[in-house]
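Down below is the structure, laid out as structure tokens.
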Amino acid sequence: MSGRDNRGAGGGGGGGGGGGHHHQPLSSAMGKLKEKLTRAGEELGYHRVESNLSTSNTGTSLDTILPEDPFPFPQAAPQRHPQQQFPHLQSPQQQRQQLQQQQLQQQQLHLQQPQQQLQQQQQPQQQLRLLHDVDDEPPLSFRPLLEDVDINEPPQQIHVQQQQQQLPRTALRASGSLELTPLPPPPTSLEPHRDRQQRSIVTGGEELQRSKQSLKGSRVSFEKPRGEQLPAKAAESSDEDSFEDKRIGFQQQKATSVDHKGILKDLKHILANDNRRQFQAKKHVSLDIKGTRFLKDLLKDSSSEEEFHKTRREFQGRKHQSLDPRVTFKLDKVLQGSSTDSDEEGDDAEHKRLIHRPKDITKPVIIDLKDLESESDEDFLTSRQNFQQQRSISTDSRKSRRLYEMDEMGNKRGDNIRHAVPFVRQITEDGKPKLEVYRPTTNPIYIWTQVLAALSVSLGSLVVGFASAYTSPALVSMTNTNLTSFVVTPQAASWVGGIMPLAGLAGGIAGGPFIEYLGRRNTILATAVPFIVSWLLIACAVNVIMVLCGRFLAGFCVGIASLSLPVYLGETVQPEVRGTLGLLPTAFGNIGILLCFVAGTYMDWSMLAFLGASLPVPFLILMFLIPETPRWYVSRGREERARKALVWLRGKEADVEPELKGLMRSQADADRQATQNKMLELLKRSNLKPLSISLGLMFFQQLSGINAVIFYTVQIFQDAGSTIDGNVCTIIVGVVNFAATFIATILIDRAGRKVLLYVSNVMMVLTLFVLGGFFYCKSSGMDTSNVGWLPLSCFVIYILGFSLGFGPIPWLMMGEILPAKIRGSAASVATAFNWSCTFVVTKSFQDMIDFMGAHGAFWMFGAICFIGLFFVIFYVPETQGKTLEDIERKMMGRVRRMSSVANIKPLSFNM
């Protein structure tokens, strides 16, 4: 696209010529103007126009103003002094000398008009000097600009017609002369290409003023430069016409200089932007092609995948290091080739951004011109897509390599790897290389080490069951003055039965911090010796105070054990056998209750206490053989010990790394969600609902009267006047409780939690109201000898119903519905609340019998169970077959990761 092809039809606008011709010389236009002025009798006005054009160095041809190329830019122009190039930069003395020379020339024009007219017509066509020079210098030459990338269509040709307007004589006289002034409008920032193609010829004084307003809109100021003032002689001239000629000539020079100066600056910016865009396009093509070739060569030459990744990473580093120097080097070349005024470019914000280069880049960069050759659009897109795919693969591989190095570093140093877990978790969530996660199988895996750990914990549960059932057979012989050396009043007897739940409350509160700081195994192990001491205090008691001290110490250990035993078992046993082995503590606890009832038939309270002191001995020995839980080791940052504990529990041939990493991720989530004050965390609205459900289930479990029935079984049967021996009745109740444990384990995952709670409530309500009716008839004097079997039957059904629902389910749902971040503190609160209710029931049961009779106490327990039925219907959710994430989403409205939460099996004897 050449400048000659885009010249347009502006040359024939005023004279009626067709478009597309070359611009006519100024002499032809002046000739036509002379003819019109001569016919109008204004020959003198023509000479004034001609003299002003000569004085202002306008030139002889419009081609000097609009050269061949529509985008003029100086090419290899000699560098001129700023004062010569821009008149407004000259000193006042130089300007005064220049104006004096112009005045002298104007005075000689009247004498040399014929010669000037002839010289004007014969003068050859010359290129216009952009700015007026006092010295003779070679004219500026022009070259075509680089085509802009975004100019794909031929520019629109703008026809600017010459406006020739013949002014009236009055206007001619007022202006002093008629001037032809070439004023191409400066290009605006919005449409630079269109502005460079516009051409116009301004005629007359009115068009001159209009051009001034246009230039003012283009940010060109017509204010006088500092130091420039009209000569005093011209201001004081008496000749008005001469003064007007001088003023208009001076303004013409200034307007022409400012106009071309603005055009030059805009053209320099346009050229720099054009070259920059072309270079960037070539740079991207070169980068993609070089990257694709290099990666293909790597795939062929690499002997292994690791070597390929290493070489590719080195290439990526070299590519990014060379990118900035290459761009900076090329842009410097472009700016040097298109810049003629470094001072003005330094002030421009856009050029400052382009010229900027990092300080640390000092070495030269060699650019291969062959690599900068452009290819077709299809090849360019294909190469870029291939390169982007390879780069994405490289990035993923680097992340995988980094993750592998982090794991290896943790294995060698043995430090706490939890600091790296957030990074690992983020990589996993983003869909990047995932770590192997332990997934339980459906087939049960029985390993003798896990069975040994379950048996050791279950022996501690047997001790707890024996201590819970001790008061039922022991109070019968303890209140007998023939068998006891001290007197035990009914009030003291109630304290013997009720002080253990009160101590269990304190133990439940203290058990939470103990298992966190001492460890699960150490906390359980620490209860063995206090158990033995408590039983010896009871066995050797010489007064009621020693018995109460022994019961309080035993109750404190029971409270700690009831919290720590299920936690240890849940954290050591695999999920595949957790249900089966989790049954052992409940079964051994019921065995302890049955053993206490059977031994109490043949032993007094002192001998029974010596038997209780012997039970913790095997429990103590076995606890020394088992390790601490791996989860507690992970929480303390002891990764190597956690690995050894897993190897002991899972077997030497088992791969424990996936499970160990899962424990570390779960612990990291718990640490991130933990707060400094966990008790305040319980009071949040989102945590109150699950906590209130757990506390409600504990409340209805204990207010059903189960502990009162267990503690006072023999006394109840004696008061009922049953034909069956009281000790035999307690044995029967213990056997039923033991058998109901297996039935509940089978049905709890098949029928559902709420269904078993419904059945349990109905059975307990019916039996409690029937027992209340039996005692009411007996207290009324009615003969009940014919129904002596009724109390035993009601007790059996009552124990069976309790063991099916309200015995195990409150403990089970405590581990299901409590949020992960508050499970420890919330479980401690629930356990303490359970023992508080147990203390209230056992301590006040004897007082309730004295106050409202046995029938009133059983009817009150039945009414509470009936209310608990509606609590279960409207408030307790069903958790059967749901993951912990689904349960928490329903309870709190959000999901958290709970990948390894122990399925805690309750101790049904802890009632």
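Cβ atoms are placed via backbone N, Cα and C, with glycine included.
Taken from Swiss-Prot, the feature compositional bias 'Basic and acidic residues' covers 32-50.
Look at Swiss-Prot and you will find 51-64 (among others) tagged as compositional bias 'Low complexity'.
What Swiss-Prot records for 76-129 (among others) is compositional bias 'Low complexity'.
If you look up Swiss-Prot, you'll see 156-166 (among others) marked as compositional bias 'Low complexity'.
According to Swiss-Prot, the N-linked glycosylation site annotation covers ASN482. With a cut-off of 8 Å between CB atoms and residues at least 6 apart in sequence, the same chain places nothing near ASN482 (N-linked glycosylation site).
According to Swiss-Prot, the feature phosphoserine maps to SER302 (among others).
If you look up Swiss-Prot, you'll see SER303 (among others) marked as phosphoserine.
Positions annotated as phosphoserine by Swiss-Prot, on the basis of similarity to another entry: SER304 (among others).
Residues annotated as phosphoserine in Swiss-Prot, with similarity to another entry given as evidence: SER374 (among others).
What Swiss-Prot records for SER376 (among others) is phosphoserine, and it gives similarity to another entry as the kind of evidence.
Annotated phosphoserine per Swiss-Prot: SER899 (among others), in sequence order, evidence recorded as similarity to another entry.
Swiss-Prot lists SER900 (among others) with the feature phosphoserine, giving similarity to another entry as the kind of evidence.
Sequence annotations record features per position, and here Swiss-Prot assigns region 'Disordered' to 1-256 (among others).
Taken from Swiss-Prot, the feature region 'Disordered' applies to 334-355 (among others).
Annotated region 'Disordered' per Swiss-Prot: 380-402 (among others), in sequence order.
Per-residue confidence over the topological domain 'Cytoplasmic' (1-446) averages 54 (mean pLDDT, predicted model). Per Swiss-Prot, topological domain 'Cytoplasmic' is recorded for 1-446 (among others), and the stated evidence type is sequence analysis.
Sequence-distant residue pairs (6 or more apart) of the transmembrane segment (822-842) and the transmembrane segment (447-467) include fewer than 3 whose Cβ atoms are under 8 Å, leaving the two stretches without contact.
Of the candidate ranges 552-572, 795-815, 856-876, 552-572 contributes the most Cβ pairs within a distance under 8 Å of the transmembrane segment (579-599). Nonlocal intrachain contacts for the transmembrane segment (528-548), taken as residues 6+ away from its ends with a CB within less than 8 angstroms of a stretch CB, comprise 460, 463, 467, 478, 485-486, 488, 492, 495-496, 499, 554, 556-557, 605-607, 609-610, 612-613, 615-617, 619-620, 623. Against the transmembrane segment (755-775), stretch 795-815 has more CB pairs under 8 A than any other of 552-572, 607-627, 728-748, 795-815.
Long-range Cβ contacts of the transmembrane segment (552-572) within its own chain (Cβ-Cβ under 8 Å, at least 6 residues beyond either end) map to 450, 453-454, 457, 460-461, 463-464, 467-468, 499-512, 514-515, 520-521, 523-524, 527, 530-531, 533-535, 537-538, 578, 581-582, 585, 626, 629-632, 649, 811, 815, 827-828, 831-832, 835, 901-907, 910. For the transmembrane segment (607-627), the partner stretch with the most Cβ pairs below 8 Å, chosen from 447-467, 728-748, 795-815, is 447-467. Sequence-distant contacts of the topological domain 'Extracellular' (843-855) (same chain, six or more residues past either end, CB-CB distance under 8 Å): 490, 493-495, 497-498, 501-502, 705, 708, 711-712, 716, 719, 771-776, 779. Long-range contacts of the topological domain 'Cytoplasmic' (516-527) within the same chain: residues 457, 460, 557, 560-561, 564-565, 567-568, 571, 620, 623-624, 626-629, 632, 824, each at least 6 residues beyond the stretch ends and with a Cβ under 8 Å from a Cβ of the stretch.
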